[in-house]
Amino acid sequence: MLELNFSQQLGDLHLQVATDLPAQGITAIFGLSGAGKTSLINVIGGLTRPQQGRVILNGRVLVDAEKNIYLPPEKRRVGYVFQDARLFPHYRVRGNLQYGMAASMRGQFDAIVGLLGIEPLLNRFPFTLSGGEKQRVAIGRALLTAPELLLMDEPLASLDLPRKRELLPYLERLAQDVNTPILYVSHSMDEILRLADQVVVMDAGKVRAVGGLEEVWASSALRPWLQREEPSSILRVSVIGHHDRYAMTALALGDQRLWVGKLDAAEGNSMRIRINAADVSLALQPPHSSSIRNILPVKVAECLDVGGQVDVKLAIGEQWLWARITPWARDELGLKPGQWVYAQIKSVSFNRQNGPVPD
């Protein structure tokens, strides 16, 4: 558990954070430029000192301003991956990886190298590497220090699109195969959707929302960032099985079934899906004949007027589904909170896929 309760004045920015974060998975720190994202992880990493408050990691006090306790960065057991890789230019990749490597990680060296796909790079110097390769080496070096927490400050920000696409699959593998919790700073929605388990939304130095990705995505906290885009829903599902006759896969969504094009995934695998609100239409009764395969009963939670459209928040089990309709459709259907309707889902896209769902 990472316990944060501190304040810090940085020029015009007043950083004020009071929240607890789980010591597992990837927690995305999200917000616009100047929101305080990097300032937050700099306090955790020991690069800056807050004027008030405490930072506690797994019961160890990293910061207690009132007692003048500021554990130096090298004693915090916190790894840091910067926007630029900051490799030692006079060391080969192997030397960079071994610099600061914890004795307990010597037996893990080959596994980390394999996980990040950098074995062919071990004898090369940093100046011969691409941006994506440098970042993979930087991540490996940080992991080999045996950190209790890994901080990543927009590791894709300095990369062009091809290099981002090159590095993202390795970050996804990292999320699945390494037990080290990660705080991942980003202002990219796409990165967060692919990588994050939890999300912290920051604005003007303060935490505006914190929770699981699906929960925060469905809340109003992200709406200021989503208004320019088509709203969507993020849902957690698992594979039930595959159709005997058609190239279709059945997914469990709560106690309901969702059909999608056939996936190369075993029964029990969990994954995250994204459904655009414009791909969800509503009906008071299920149609008798329709080309749409997914027609699910849902309960209306609220209706929001947004720029001449209506966004309808729908409860589906313990998760939330958004539909975007016209005011005319809302009035004709007589939609109101608590009402049961049928959601017709036309299209589904996929984000990160995980392993079997535990019992």
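Yeah, the Cβs are placed from backbone N, Cα and C, and that goes for glycine too.
As written in Swiss-Prot, here are the features:
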type	residues	note
BINDING	Gly31, Leu32, Ser33, Gly34, Ala35, Gly36, Lys37, Thr38	ATP binding site
DOMAIN	1-229	domain 'ABC transporter'
DOMAIN	289-354	domain 'Mop'
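Spatially close to Thr38 (ATP binding site) yet at least six residues away along the chain are Asp153, Glu154, Val185, judged by Cβ distances under 8 angstroms. Cβ atoms within 8 Å of the centroid of the Cβ atoms of Gly31, Leu32, Ser33, Gly34, Ala35, Gly36, Lys37, Thr38 (the ATP site) belong to the same-chain residues Ser39, His187, Met202, Asp203, site residues excluded. With a 10 A radius on its CB, Ser33 (ATP binding site) counts 7 other CB atoms from all the protein chains.
Around Gly31 (ATP binding site), a 10 Å sphere centred on its CB holds 23 further CB atoms from the protein chains shown.
The highest number of surrounding Cβ atoms within 10 Å, among the binding-site residues Gly34, Gly36, is found at Gly36. Of the listed binding-site residues, namely Leu32, Ala35, the sparsest Cβ surroundings within 10 Å are found at Leu32.
When the domain 'Mop' (289-354) is classified with DSSP, helix, strand and coil residues number 7 helix, 40 strand, 19 coil. Counting every protein chain shown, 25 other Cβ atoms lie within 10 Å of the Cβ of Lys37 (ATP binding site).
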